[in-house]
C-alpha cells in the first residue's frame, strides 16, 4: 500500500492544487486520476471521506437516539398528559397520544443501543480515528484503505438493519440495550423479542465486523505507517488513545459476538446455552442446564471495555485540545500514556461489577471491587494532569476548548460516583436505580459527547476547510453543560431513594411516586437541551457550505502534522513528501516561542524537556 | 393550533439565535481576529466563574431540597453497613468533587488568554505525579477495605436460626412460599407448574414437606428475626429489590440465589417514624423483565411474632387448594424429581 502511495505522490502534487478550487466547481475531473462521484463520496477509500461518512451517519443516529429519549422522557415527566402528535408518528404504539409500555421499552432499548454503539462507538471513534490517525502519524492513508471502506459499509449495513427493525410489526428489540436472556431469547416473553430481536442481533453482529475491520486497520496503521522520526513517544495523545481504543475493541468485541451467536442458537436452534427451567406463557419449556448468567459474563466482557472504547478517544482529543488552547504542553505526557495503558488493562478485569447482585460468588465479587476501584487511580492521574495543563496556561476559549473543560468537569463528576457503584456493598442498594443512570450518563454519555463536540469543533476546519460558527458553539456549550447537570444531577437522589430504572410508570408505587415533580422538571430540561443540539446540527451542516473559510492551513497554531497539509488535502494528504518529525507534539510556549511544529528540527541551543 | 404556534415560536427563536451568531461572526471579521478573541475570552472566562459559583450553590440547594425524600434510616440491620459506607464515600467524593471543580473553573478563568502573558512551559514533574498517584491509591484502599468488609458480612451464610422464605418471580408478579409448621420447604420442579391446578411454583406433591407450605403474594417477615430469602424465577431474570432494607438480589431461572437480613422496624413502627399513615414497604423488581416490569410489586409486611403467627394460621396451604376434594391422605413414598421428570417426557 505504501508503494502505491509513493507512486501517487507525484499526482498528488497537482491534485492538492486542483482540490483547492474544489468549491468553485472544478474538482479532479480534468485530471488523469479520475474520481467519480461514487468513488469520491460513496465508496471512498480516502480516510478523510470515510471519517466524514462515519460522522454524518453518527449525527443522524444521534438525532434519532436523542429524540427517542425525548419521547420516553415525555412519558416519565408527564405520565398523565396526552400528546396527540405522538399518535400521528407512532400509530398504535401511542394510542390516544400516550406511548404504550411496549413502545416505552422499545424506545429505551433503542436509545441505549443507538447511543452506545452507533453514535459513541462508530460515530466517535470511527470518525476521529479515521480522520486523525493518518494525518497525525504522517501517513498517506490507512494501512488498508479498502478494509477501511468496508468498515464503514458494514456499519452502514448494520445501520440499515437496525433502522428497519423500527418498522417491523412487532416492533424493535425492547429488553434493554443489554438484552439479557431469557427475556431476549423468548418471543413469548416479550413482543420485542420476536423478529425485532433477530434484527437487533444480526445488526449488532455486522456492527462487530465493522468495528473489527476498523480497529485492526487503526492498530496496523499506528504501528507500521508512522512517518520518519515519529517514534511512539512522539505521537500526540490522540493517537495513543485511538490505539488503546482499537486494542480494546479487537480483544473484546469478538466475545460479544460469540455471546450473540449463542443467543441466536438459543432462539432458533433449540439449544440451551442461556435457558433453564422455564415456564413461559403457560407452557413448560424443555430447556435445562443453561445459565442466564453466562450471557451476562459474555456481554459485560465487552460491555465494560466498551465504556472505555467510548471514553478513551474523548480523553485523547481533550488532552490535545487543552494543550493547544492553553498554549502549554500536556502535563505528564508519559503518565498520560501510562494511565491510558493501565485503564486498558484494567478494563478487561472489572466486568463483573455489573453483576454484583446476580448471585455472584461474594469472594469473587470482592476481587472485582478491588480491581474496579483500582481503575480510579489512572483516572485520577489524568484529571490532575489536565488540571495542571491549564494551570498557568494562556487559555483561548474556543468551542472546542470549552467542551474540553466541560469534559473534565463531567468526567470528574461521573467518575466519582463510579467509586460508589464499584463498591459492591453500595451497589447492592443502588444497582439498577436512577443513580446508575446518572452515573453512566454523566461519565460516559455526556463526557464522551463533550469530547466528540470538542473534536468536531476543533477539526472541522481540517475536514471542510471552513470554521463552524463560534457564537453558536458558545451557546451550544453553555446550555448543554448546564442542562446536562440539571438533568442528571438530581437523578442521583432518585437513585439513593431506591427508584428503579426502566420503569414505565411510577404512579402506583408508594415508595417512588414522590418524584413526579422532579421528573417533570428533568423532562422539561431534556427538551431544551435536545433543541440546543439541533442548533449544533444546523451549525454543522450550514458551516460545511457557508462557514467562514480558512485563510491559513494552521488556524489553531498547533504543532501536530495534520495542520501541515494543505487546507483541502487531497487523497494522500501531503502534496509532496510526507514531512519528517523531529520533536514531540507539545512544544508550546517553549523557550519563548508560542509553538514549534513537530516538523521543525531541534536546534542545538534549545532546552530539553 | 397551539402545537403549530409552539413550533413556530421555537423556529423563530432558532432564527433569531442564528442571526445573532451570524452577525457576531461578521463583526469579529471586521474587528479583527485578535480583538474578537479577546472579547470571547472575557465573556467565557466570566461565565466559567458564574457557572462554578451557581453550580456549587445548586449542588447544595439540590441536596437541601431532596434530602428529606431519601429513605431514612435503614430498615434492616445489614443496611446500616451500606448506609455507613455510603456516608464515608459521600464525604470523600464530595471533598474531591468540590476541590477539583473549583480548580478546573478557577484556572479556566484565571489563566484566560491575556495580551503580553505567555504560558508556563511545564511538561512534567515527577514529584507531583507521584503525590497524586499515591493519595488516591490510599483513599481508595480505605474504601475497598471498608466495602469488602461490609460486603462479605452482608453476603455471608445466613445464621442457622433464620426463617426461610422462598421468593419466586414471574412475569409480572411475585410469589412468596412459606415453609409452614415444619419450617422446611418442599421439593419443587418447574415442570409441575400449573396455575390452573393451584400450583404456581411447581411444588412436588409427592414430597410430604410440601403439604403444609403455602404461597402468598405478600412477603411477611418478623421484626428482629433473621430471614433468609431463597430467590428464583419462573421465566426471565427478575430482581428482588428491597430499597428500605438497602438490599437487592437477582432472581435467575434455574439458578437459585439467596439473601438474608434482619428487619428492624415493623410496618406499624414505620408509619409512626415516617409520619405517613399509608406507609408500606414495597418489594420492587429491579431487573428489566418485560412490558410489565414497572408493575411488578409485592408488599412487604414487617410484623411482630404474634401478628406473624396469626397471619400464618389463617393461610390455606397450597396443597389443600390443589386438592380440594381429597383429604390430605398418606402418599406413597416420595418419588424423586428425576423420576417425575422422566415420566413427564
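Cβ atoms are placed via backbone N, Cα and C, with glycine included.
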Quiz item: So which range, A:169-190, A:279-300, A:499-520, A:521-542, gets flagged transmembrane segment in TrEMBL?
Solution: A:521-542
Quiz item: In TrEMBL, which of the ranges A:92-111, A:472-491, A:552-571 has the transmembrane segment annotation?
Solution: A:472-491
Exercise. Please figure out which one of A:149-168, A:331-351, A:363-388, A:434-460 racks up the most CB pairs under 8 Å against the transmembrane segment (A:307-324).
Key: A:434-460
Self-check item: Candidate ranges A:54-76, A:363-388, A:521-542 - greatest C-beta contact count to the transmembrane segment (A:331-351) (under 8 angstroms)
Solution: A:363-388
